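Written out below as C-alpha cells is the structure these notes cover.
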Amino acid sequence: VACSVQLEGCSCWRIIAMVDPTLAEMGKNLNEAMKMLEDNQRKAEEENEKKYARKDIPGPLQGSGQDMVSILQLVQNLMHGEEEEETSQSYRLQNVGEQGHMALLGHSLAAYISVLDRERLRKLTTRILSDTTLWLCRLFRYENGSAYYHEDDREGLLKICRLVIHTRYEDYTLEGFNVLYTKQPVIYISSAARTGLGQALCNQLGLPLSCMCRVPCNTMFGSQHQMDVALLDRVIKDDVESGKLPLLLVANAGTPGAGHTDKLGRLKELCEQYKMWLHVEGVNLATLALGYVSSSVLAATKCDSMTLTLGSWLGLPAVPAVTLYRHEDPSLSLAAGLTSSQPVEKLRALPLWLSLQYLGHDGIVERIKHASQLVSNSSAVEDELSSPVVVFNLRQGLQEPCSVQFPNCALSLQLGEQLAQLVPASGVDVVELEDEGTCVRFSPLMTSAVLGTEIQDIDQLVDCLKMKIPVLTSTLQLREEFEQEVRRTVGLLYIEDLGWPGLGVVRYNHHCDGKNDDKQEKELEKINTELLKKLNELESDLTFSLGPEFGGQKNCVYIGMVTEDLDVSELVETIAATGREIEENSRLLENMTEVVRKGIQEAQLQLQKANEERLLEEGLLRQIPVVGSVLNWFSPFQASPKGRTFNLTAGSLESTESMYVSKAQGTGTTPPPTPTSSLAKHRLPGQKAFKRSLRSSDGFSETSSISHCDELDKMDQRPPTLSPGQEQGPLEMEKAEEQKEVAQAKTDTEDIHSDKLPPDCTKVEDQASQR
C-alpha cells in the first residue's frame, strides 16, 4: 500500500511504500493536522468574537464527542488566541521544517508501535536504540559509550549520580542510606553552573545540601567563568581528611551564561587521582561533530559521561536529551535506571532515530557549522576559549566593567530587549552573570536552528548595535552631570533608581507649610503630574514619563535616553522653573477661596462701621424722608465717599479714597514675574529645547541681541530729555498745562457716568444739579 505524504517545504511528493495501512493513515492524518495547526489565518467572525469566546473557560466533557477537525481547531485557538494581546513582546515561533515533522511523526509511531506483540516490539526497540547510540557516539567522538534518553535534561545527571553511588558504596543496595552516614558523599559543581542544579540533585537523591560543594571560579588568572582547579584540589583534600568521600564532579563545556569551557584535561587528571566521576555538559559539546575541534573541548571525549541537548542544536522539536556514559557493569546501570528491561522505555529514542536519518551526517554537521560561523561573523575577537557564545555589555572607560556601576546594567538590559525586538531572528537574550551583571548574549548553537538565523540577520544586528550604542553611551556619560545639577538646584530632589535605563529620575519638592502627610502627598502628586505634562508639551527630543509600570518611584519624572548635544543645565533649570510656576499657581488657586471669604467678612464689618459713623455725622433729622430732603436742599451735607476694594494679589482690603482722588482704580501691588528659564526664552528659530550645539555656536550674536533689546526697553521707559542748552519756553509750558487739564476733565466725566462711584456720591451730585 502506498501513501503520498507532502511535507512542508518539499517541492515534490514523497512516495513511501508501507506494508501496514495504519502507518499510511497515520502519516496522512499527521500531515493534515500539522497544516491545520500552522495555518494562522482565521475567519473574520472568530476575530470579532475572540474577546468574548469561552474557549479559555473549562467546561464539561461533551457526551457525543467531537471530530478531529473540531479538536484541532480548539488546539489552534489555544495556541494563537492571545497573540494580539502579546504584540508588544517579541514572539518567537519555532521553524518546524521537514526534520521537525519527522520528530513529531516519531511520537505518533511510538504510540502505535507500543501495541505490537512483545517479541516484535523487543526486536524493533533494540534496533532503534542500538542505531541511535552508535550514530551519536561516532558523531561526537565518544568511543564505546552507552546512551540514556530522557525528557528532562537534568535527569541524565541524576541517573549518573545514582550509578556512582552504587559503584562507590558496595553495600548500598542492601543497607541503603545507612552506608552514606558513615562516609558522607560529596558532589562538586561549578559556581557558574545552572541555577538550582545542586539543590535539584540533592532533592532527588535524598541527600542533604551539605553533600553539595560549589567550587568558585578563577579570580586572579584565567577566565572568571572557569572552575578554579587549584582551589578544587585543596577542597577535595580537606574533604578526604575530614572523612568524606569525593563522589562526582560536574564540569562545563560551555557555561550556561558566558559559554566558557573548564580546563577539562586538568580536571580529568584530578578526578583520576581521587577516583571521582567526571560529568561534562554544555553547548560547546556540539562542536565535537565538526572537523576541527579546540583542544579544550576535545578533552571532553575522555570524560566518564556527557549530556547532549540535540533538540536545540539541530532545531528538532520534542526530541529527548541524551546522556552518553561508559560503565562496565550492566547490572549497576540497570539499578541506577540508565537502562530498562521494558521495551516501551526504549521507544524514547524513536523521534531522534527518525530525525537523524532524515538529516544525515552531513546535514547535522552543516547545521552546527553554520551556527559556529554566525559567531565568527558577529565577533572579530579570537581567544583561547574558542567559545561559540558571544556575551557583551556596556563598559565605562577601557578598564572598568559596567557591572561595577548598577545603572550600566540597566542600560544593558534595555539594549538587549531592544535588539531582541528589532532583530527577533538573531535570538539574542539577556543573562545575569555573577561578576559582570546584566549582559546581552548571542548563542546561535541554541537558537539558530530553531529560528532559522542567517548571515543577513547578523548584519542587521550589527547595524542596530551601531545605531543604539552612541545614544546609550551619551546617556551613561551625562548621568553624573545630571545628578550634580539636580542636587545643586533648590526645589528638586534627585531619585536614585538603579533599574532605570535613562538619564535619571527627578522629583519637584514643594514647600510643606506644616500640612499633614496625606495633603502633602496629594499636592506633590498634583504638581509632578502637571510638571510631566508641561515638559511633554515642549518641543524637544527627550522622553518624559512616569517610569516603569511596576517597581518605579511615585510622584517622579523619569527622563529617557539622550544624545551628546543635550544641555543638562538648561534641562534642570527648565524643570525647576516650571515646577515653581505650577506650585505658585496651585497655591494661588488653593488660597483664593479662603482669602476672598475673609476679605468679604472684613469688608462687611468695615462698611457697617462706616454707615454708623455717617449717621452720626449727618444727624437724626436728615434721616427723616421729608425733613431730610428740605434740610439737604438748604444745607447740603458734604460727605466724602468711603468704600473698600479687595486686592486679590496682596490678599488685603484697601480704601477707595485714593481712587476718588486720582479718578482711577489703582492696580495695587505688582505680582511677581512668573519664573521661567532664561535660556528657553531666547531659543533660536527651529532649534529644539535643551540642545547645546546651536546655542553654543551662536552664543555671541544671541547675547548681543538680547542686550540690545534690553537697552531698547529701558529707553522706552525713560522720560523725554532736552538737548544741552535747550530750555522750555512759556508757550510750551502753557500748552502742556492745557493738555493736562483736558485729560483731567475727560477722566472726571467718565468717572461720573460710570458705576465705580458709590450711591451716596451719585445722590449728592443729583441734588447739586437740582439746586
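Placement of Cβ uses the backbone N, Cα and C atoms for every residue, glycine included.
As recorded in TrEMBL, the features of this protein are as follows:
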- 40-59: region 'Disordered' (REGION)
- 40-57: compositional bias 'Basic and acidic residues' (COMPBIAS)
- 415-476: domain 'PDXDC1/PDXD2 second' (DOMAIN)
- 482-587: domain 'PDXDC1-like third' (DOMAIN)
- 593-620: coiled coil (COILED)
- 660-771: region 'Disordered' (REGION)
- 680-694: compositional bias 'Basic residues' (COMPBIAS)
- 696-707: compositional bias 'Polar residues' (COMPBIAS)
- 708-717: compositional bias 'Basic and acidic residues' (COMPBIAS)
- 732-771: compositional bias 'Basic and acidic residues' (COMPBIAS)
The domain 'PDXDC1/PDXD2 second' (415-476), counted residue by residue under DSSP: helix, strand, coil:
41 helix, 11 strand, 10 coil
Per-state residue totals over the domain 'PDXDC1-like third' (482-587) - DSSP helix, strand, coil:
48 helix, 15 strand, 43 coil
Stretch-averaged pLDDT - the domain 'PDXDC1-like third' (482-587):
87
